[in-house]
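A.B. asks: Right, I'll just put the structure down here and ask away after.
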Protein chains: 2
Amino acid sequence: MPPSAIELSYDTSKTKTAATHLEGREDHDLVLRTFRVLLADLVQQYNGGHPGGAMGMAAIGVALWAYTMKYSPENPSWFNRDRFVLSNGHTCLFQYAFLHLTGYQHMTMDQLKTYHSSSWDSFCPGHPEIEHEGIEVTTGPLGQGIANAVGLAMATKHLAATYNKPKYEIVNNTTWCMTGDACLQEGVALEAISLAGHWKLNNLVLIFDNNNVTCDGSADVANTENIKAKMAASGWNVLEILDGSNDIEGIVAALNTAKASKDKPTFINCHTIIGIGSAVAGDAKAHGAAFGEEDVKSIHKKFGFESEERFNVPDKVYDFFQRVSLPRGRKLVSEWEELKAEYCEEYPDDGAELLSRISGDLPNNWEEFIPKSFPESATASRKSAGLVCNPLAQNIASFMVGTADLSPSVYMNWPGKVDFQSPDLRTTCGINGNYGGRYIHYGIREHAMAAIANGLATFNRGTIIPVTSSFFMFYLVSYAAPGVRMGALQELQVIHVATHDSIGTGEDGPTHQPIELASLYRAMPNLLYIRPCDSEETAGAFKVALQAKHNSTIISTSRQNLPQYKESKRDAVKYGAYVFREREDAEVTMIGTGAEMCFAVEAAEELEKFGIKVRIVSFPCQRLFELQSREYRRAILQSKRAVAVVVEAYAANGWERYANASISMKTFGKSLPGKEAYKYFGFNSVVIAEKVKLYLEDLKHEKIWKDEFIEL
Amino acid sequence: MPPSAIELSYDTSKTKTAATHLEGREDHDLVLRTFRVLLADLVQQYNGGHPGGAMGMAAIGVALWAYTMKYSPENPSWFNRDRFVLSNGHTCLFQYAFLHLTGYQHMTMDQLKTYHSSSWDSFCPGHPEIEHEGIEVTTGPLGQGIANAVGLAMATKHLAATYNKPKYEIVNNTTWCMTGDACLQEGVALEAISLAGHWKLNNLVLIFDNNNVTCDGSADVANTENIKAKMAASGWNVLEILDGSNDIEGIVAALNTAKASKDKPTFINCHTIIGIGSAVAGDAKAHGAAFGEEDVKSIHKKFGFESEERFNVPDKVYDFFQRVSLPRGRKLVSEWEELKAEYCEEYPDDGAELLSRISGDLPNNWEEFIPKSFPESATASRKSAGLVCNPLAQNIASFMVGTADLSPSVYMNWPGKVDFQSPDLRTTCGINGNYGGRYIHYGIREHAMAAIANGLATFNRGTIIPVTSSFFMFYLVSYAAPGVRMGALQELQVIHVATHDSIGTGEDGPTHQPIELASLYRAMPNLLYIRPCDSEETAGAFKVALQAKHNSTIISTSRQNLPQYKESKRDAVKYGAYVFREREDAEVTMIGTGAEMCFAVEAAEELEKFGIKVRIVSFPCQRLFELQSREYRRAILQSKRAVAVVVEAYAANGWERYANASISMKTFGKSLPGKEAYKYFGFNSVVIAEKVKLYLEDLKHEKIWKDEFIEL
C-alpha cells in the first residue's frame, strides 16, 4: 500500500476491491504454470534469450489480457483499443506468448518457436517490433518505452478532448506500460515520468516489474532510492502489490483502481521474482540466458508438467483466454463501430475529419497552406520554418507541435495556438491550455520530447503528425538522438525542426555548435536530414517531410539571417540536389548547402574574377539525392568534367561521395559572434576562392590527385 | 525548511547556525548592488548574453567565494581546492565576475569585457570552458554539469580513501554545483542525482537557483513536481533558503550545514528572482538578452550607481573579496604543501604514487602490463579488451573502470577488483565495496556514466583514467553520446570500451545493432574511434588510448568470436591503417576493419581464385590515418593503381575518402543470430567476391566510373 504521506486521487465509485470474484479464477494456477514452463521451453530451444523477467511477470499478464485490457485479437488495429507498451522490451516473449494465448491469428505456436531462430520472417524478434500485429511500438533501448507510453496516453487525451461529445466517448482507451528496474533508472524515462505527472495523464498506468535484479546482480548495487516517494513527488498515484508473481486478483484490483484515477497517472509497484520456479529464481542469472536442459526439466516437474514434451499448452489454458478475449473483443469493436456511425451522423463535420484522420490522410488541400512566396529580404531559416509550418499547424488538426523550452527561439507557435495542458493547471504566470491544445511545452527534456513524439506518431499512423523543435546541437540532437533513431527505425512520420545549426550559432560556443552531428543523421537509415538554404527550400523541405509517410525528417535551420535566392526551387528539394547556376565548360562545381550556401555562391563569383568557370549546386539532402537515378546524379555532379568543392561548416565526413575537396570544419567550434566564428574558421568568399584556385593549380601539377579528398 | 517526512543526516557538532556573524557583513549590500549592475553592463555592451540568472544568484556567489569555498586565486590548480561546477553554464558571467573580484590574475576587467565580443582570445566565452583558469569543467549542455560534479565528488572520496591517513587529510575538498530549473529536468542529471544519493557523496552540494523561470515562461508550464520530495527520495539532504537573492548569512549557514553532512549529498533549494532589479525581474525575458539601455540606466539608479559610468567596481568591493581570498588562499595552499611534504616523508610509497598521479603520469612500466601475446584461437574482441585492460586496471591505481550494468557482458572486471561503494551499503545480495574501490556500477545510466567519467577525468588531468563500458549501440553510444562529446571537447582522456558492435550482435535486433553511429564518432573532433580486428590490434588500441592524453577514445569490440591474424600488428594501430597483406600488381585493395576483417580476408581469397590479384589493408581508425603523411597514406591506399573496396557492416558514409566501393549496410539491421544476420545482409565471402568481380567488370566497361562511390 502507498505510504500515508502520498495523496491518491481516485474516483472511488469506479474502483473495485481486491475481493472481486474473477471468473475463471480456478484456472489461474494452471495458467501461470503453463506460461512459465512454456517460456522456459522457448528460451531453451535455441539456448538464448530472456526468460526470467517474463516468467516473473506472468500474473501481471494474466490480469491485463484476461481481465483488464480492451482489445480484439481479430481486430488488432482497432482504433480505440487499449495500448500496451513493453518498455522492458527484452522480455518480449511475455508479450508474444500472451498474443498467442489470446488468439492473435498470426502468432501461432510455430511462430512463437521462431524466437531466436534463424528464421528470416519471424514475428518474434529479440525485442518487440512495431511492424508485427499486436505490437504498438518497437522497444529495446531502455526507458524509451515509458516515454512512448506517455505519448500514446497524450494522444488519447487529445483526441478525446477534440472529438468526444456528450454520450459519445469515441476515444477513451487506456495505455498500459510495463517497466523493469532498468527503464526507471534511464534519464529519458525520468523526464517522461515528470511530464506525465505534470499533464495529469490519468489514462496512463505504469506497472513496475520490481524483481530487484539487473545484469550486475541485485539492483541495489547501483540504486537505493525510494522509488515510491519519487513517483509520488512526480505527481503519480502509487499502488503496491506484494506478491506480483501470483496475486492475479490483487493485480486486477490495482489495475481497476488505476483506471479510476481522476487526475494522476498511476504507478503500480509489483514485487516479483525473476525466473520464478527455476534454479536461479531471484538471481541475475535468470535474466538473459537459457536455464539449461537440467533446470528446464526441473521447472517442468515443479510446475506439474512431468512429461518431456515441450511447448505444451493444455486446451484449458487456451480456453481460459479465448472464451473471453475473442467474444469480448468482437463486442467491443462492434459497439464502437456502431457508436462511430451514430457519431458521424450526429456530428458530420467532426465525424468526417475523424474518419480522415483515422485513415491517416492529410486534408486534400494541405499544400495550399504553404505560402506561395516569401519576403525577399534576408531571413533566418528558423524563421522560414515558422513561416511554412505555422499555417500548416494552424489549419491541419493532425499537427501537434512542441518544443523543449525554446518557444522564443524556434518560431513554431502560431497565432491563437492553444497549449496541450491539463485544463486545471494553474501556473504562476497564467499560461493556460487544455487537452485539445496542440502546442506542447516539453520543458528542458529533449530526449523525452523525441520519444514522446514517437508515441504520438504511433497511436495510429498519420492521425497525429508530431513536430518537435529545439536547437540542432545539444537540445535536439545529441540528447534526443536515441529517440530520433527509434522514430526512423519504426518508419514514423515525425518532423524535427532543428534550429541554430552550424557555427553560425555564434556566442554560445562549441558546446552549442554542431560539427559532427550531420554525419550521424546522414548515415541514419530512413531519416531525411534536410538543410534548406532559404525560405523557398524550407517550403520544399516541409513538402518532402509531409509526403514522406515512412520517414522521420530533420529540417535543419539557421539562427542567422540568410539571403534569399532567385535560383532556389522548392520543388527541387525532393531530388536532394539540383543545379543552382549552370555554366558551360565549368572547371569547378561549388556545392553549397543550408546556411553556408552564401559562401559557395560568393566564392563562385570570386573565382570567376580569376577567369575560372564555376557552376553551383545546391545540395539540401544527401539521402534524397541517393534515391535519384544514376543519370540524374551524374548530370548534377558532372564529375568527369568539373571537380567539386563543397562548402559546409561541419566535419567533411560523407561529402567525399560528391566532392573532391571541402571547405569544412576540422575541429570543434568557438565562442564568437556568428559572423566572426565563420571568419575565424575561413568561411569567407575571398579566402575560399583563394584556396580553390590553389587547389586547382595543385591538381594541374599533380601535387594532389583528384581522387584524394582534400579538406582545404 | 525541509518537509518533516525527510530524514536529514548531519554532524551537528560541525554545523553553524544562521546567526553566525559574518565578517564584512556591512559590505554585503554594496557588493550585491555592484555585482548586479556590473552584470547588466557586461551584457548590455554587445547587446547579448545571459544576465538574469547570474544577477539572481549574486548572494549565493558571495556566500561561496567570500565565506565557504577553499581556493587560492594565485594557485588556481591547487590539488585540494574545492571544485565549483556551473551546470547552468549560460550564466557563466556569474563565475567570470567572481573570478575577477576574488583576484584571479588572468581575469582582468578588460577580459570580463570581452564577453560576447569578437575577441579571438577571450577567457569569457558564452559558456565556461575548461581551458581557462578557474574553470573546472566545460558546461552548457544542460544537466551534464551535475553529472560532472558527481564525478568530481567521487574522485575526492576515492583519493581520500586511498591516500588519507590518520592526521593526514591530504584530500578532503568539497564539490559545489550550481543548477537552474533546466538541469533538474534533464535525464542525465536525474540519473546522476540518483547515483550520488546511492553513493552517499556527503562532499557534494547542489545549489538550486530556483527562480521558477525557463525560456518558455514560468517553469511550471512544463514542470509541477515536488522537487524537494524527489531529491529526498533520491537520498539527499534538502535545505531551503527563502530569500536566496539576498540572504547571504542564511546561505552561508546552509552551505556550512551541507559541509557537515554525514552520509548524504545536500540539495539547497534557493528561491531567487531572475534579473532582480531590472524591469523584467522575475520574467523569462530576463534570461537570455540584454536589458536595453533604458533599463540598464534604471538598474544603475535602483542600485545606487547614479553615474553613467559603466563597469564600475568600488575599491571597497575588491577589498571585501581579496582581503580574504588572497591571504586565505595562500595559507590553505602552504599548509597543504607542508602536510604533503610530511606525508611523503612518513608514507614514502603512497607519497611517491600520489605525487606521480598528481603530475598526471602513468607508471613508467605501464606497457609491461599489456600481455605480450594472446591465445591463437578465435576470440571475441570484447574478451580481447578484457585481456588487455584487466591487468592494466589491476596494476595501475589510476584506473577507475565502470559499466552501465553489463558486467557479465563486457569483461571489464579483474580478479580481486573492489567496487566503488559507500562502505555502509548493504545490498540484498551481499556485494560490498568501499570508496577505495575502483570498479564502478553505474546502473542502467549510460548518459550519466559518460558525464561522470568526464568529472573523474577532470579532477586533475591524468590522476584518474576513467574507463567506461557498455554495448556500442544504445547503451554506450546513442544515450551516452552527449557525454562522450563533452569529453572529446575538453580533450579529456577517457576510454570507452564499447562491446557488441555491428550486426554481429545478433538476436537483440535492430535496436541494438549500430549502423550509423561510427559515422558520428569518426566525424567527432578529438575522438579516436578504433575498431580492432583481433586481440593484437586490441592491445594496440589500448596503447594508443593510454598515450593519447588529449583525446577520448572508443575501443569498439565484437560480441562474437573473431579469428586471430598472423598479419595483425599492435604497433601499427597508431597509424590508423596498414597493409595486412601486400600483393604485386594488385587490381583491388580489400579494406577490412574490426569484426568484419574476416570477410575482407576471405573475399580476397575467393577473388584470387578468379585470378584477380588482391591486397588487403586493415583499417582500425580513420582519424589516426588522417594524421599520417600524404606519402604514407598514398602508399597504403595505392589509389592510382588499385581500386579499393571496404567491407564494414555499417553505413558507408565517410569511407568514400578511402574506398571506391563498399560492402556495407543500407538499412537498419535485423533480429537474427549474428552469423545469420551477416548472411542475410550479404556478408559472405563468396557473395562479396562475386560482387567485387562484377564491379571490376563494370568499371572496365565504363558502366560505372571509378569516382562514383558504389555500395555493392
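Backbone N, Cα and C atoms are what each Cβ position is placed from, and that goes for glycine too.
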A.B. asks: Per TrEMBL, what member of B:HIS50, B:HIS100 joins B:HIS287, B:ARG382, B:SER409, B:HIS500, B:ASP508, B:HIS512, B:ARG559 in binding substrate at one site?
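C.D. replies: My reading of TrEMBL gives B:HIS50 as the candidate in that site.
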A.B. asks: Out of B:HIS50, B:ASN211, B:HIS287, B:HIS500, B:ASP508, B:HIS512, which binding-site residues come under 8 Å of chain A, measuring Cβ to Cβ?
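C.D. replies: Answer, by Cβ distance to chain A: B:ASP508, B:HIS512.
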A.B. asks: Look at each of the binding-site residues, B:HIS50, B:HIS90, B:ARG382, B:ARG559, and point out the one with the fewest other Cβ atoms around it within 10 Å.
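C.D. replies: Per-residue Cβ counts within 10 Å for the binding-site residues B:HIS50, B:HIS90, B:ARG382, B:ARG559 bottom out at B:ARG559.
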A.B. asks: Which Cβ among the binding-site residues (B:LEU142, B:VAL213) has the fewest C-beta neighbours inside 10 Å?
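C.D. replies: Each of the binding-site residues B:LEU142, B:VAL213 was scored by Cβ atoms within 10 Å; lowest is B:VAL213.
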A.B. asks: Given the binding-site residues B:HIS50, B:PRO141, B:SER409, B:HIS500, tell me which ones have a C-alpha lying within 10 Å of the C-alpha of B:VAL213 (Mg(2+) binding site).
C.D. replies: none
A.B. asks: Show, in sequence order, which residues other than B:ASP181, B:ASN211, B:VAL213 on the same chain lie with their Cβ within 8 Å of the centre of the Cβ atoms of the Mg(2+) site.
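C.D. replies: Here the nearby residues are B:GLY53, B:GLY180, B:ASP209, B:ASN210, B:ASN212, B:THR214, B:ALA219, B:THR272, B:ILE274, B:HIS287.
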A.B. asks: Distance check, please: Cα of B:LEU142 (thiamine diphosphate binding site) against Cα of B:ASP181 (Mg(2+) binding site), rounded to an integer number of angstrom.
C.D. replies: 10
A.B. asks: Given a 10 Å Cβ-Cβ cut-off, pick out the one of the recorded positions B:ASP181, B:GLU446, B:ASP508 that has the most other Cβ atoms nearby.
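C.D. replies: Most Cβ neighbours within 10 Å: B:GLU446.
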A.B. asks: What whole-number distance in angstrom separates the two most remote CA atoms of the substrate-binding residues B:HIS50, B:HIS287, B:ARG382, B:SER409, B:HIS500, B:ASP508, B:HIS512, B:ARG559?
C.D. replies: 48
A.B. asks: Determine, from DSSP, whether B:HIS287 (substrate binding site) sits in helix, strand or coil.
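C.D. replies: In the DSSP reduction, B:HIS287 (substrate binding site) maps to coil.
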